[in-house]
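Below is one structure, written out as structure tokens, with a few remarks after it.
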């Protein structure tokens, strides 16, 4: 994490339980991020919060530290049964739940608290075996949690801490009825510590907070900045004929360490994957049709560096928390302004620099004014020289319906890989000055 992203508040100076302090110190957490510095002093007084913060700001560690500290500092409810977790953390997607659980396990190392995770798309019985052994902190998606509640496998009547993460996405995905169902089965709001985090604190999110929380304190960092200052944004106006060649050329020039390419439809994403794979890139595809096990495998490959580029729709990418994404390419401008903010928020996280490149093509250019109005600034326009775009581009490959996406690695076949700015043919010079000129 970049030091410029941190505050002057030290975790060691906060009134935290010794076991929490030890876990933080051993994992290299010394200074708080701004959202942690603002929210933890409130939460450590057992006051509820409704926090507004973008992804990558450290909000996950903020609510995990508060949750662990609260459970370690609060007596266990009298008569608590093995099927009664003491804390529940609700997330909109499997991927986010998995990431939260990984961070929670870091803090759980020196405590007696057990962490369990449940989500759809995985073995029901395997997850049930974990629950049958008893968990203190339950992390998961609402649908699977409700399944276990309705069957009596878990009871929420001993809950002492509640976290609702990415509440705005909960609304987008239609999970609010599920959330209210779960809240109604917990102790009263004044008998538990309640935490809500959201990228935007819209009226509907605030209404949810005040309905199910105990006079929450609003914690807001950079409320007027919907996009991070660490992200360099630019937009091109390509013709439909140039659009794919422009993307391939920009990727060739930028040679991103780790990039996500967003498109608005499944068909367009599949087409993008075919061209990128054919051009020799290590690329994975995420759409709503990708099976859960394959989805997890692709994300692991992308996170570990086996894949350099991820092509995704908005629905498939919701809840992704992947570090070190250097570039985001909006092949299509999204129809929803909030989706633009969520897309580019995949890069420039935790104080790091990021690049966002958008295409305002003939089909989606009319979305740009609304996006710029929503983010309160104009996106710098970049021009390009059509004659300098790549021409010797291999034909797209067919999607391997029975094989993992992104398994072909033409770079490795060619040897040690292409140097930055060099094309497959070897002799072509970098096009940084020929292809892009800013106006």
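From the backbone N, Cα and C atoms, a Cβ is placed for every residue, glycine too.
Owing to the predicted nature of the structure, the values given are computational and were not obtained by experimental measurement.
For the ranges 165-168, 169-172, 173-176, 177-180, the feature annotated in Swiss-Prot as motif 'DEAD box' maps to 165-168. Packing against the motif 'Q motif' (9-37) from elsewhere in the chain are residues 1, 3, 44, 51, 53, 57-59, 61-62, 65, 68-69, 72-73, 106-111, 219, 221, 350: each is 6 or more residues past its ends and has a CB under 8 Å from a CB in it. In the three-state DSSP scheme, residue 58 (ATP binding site) is classed as coil.
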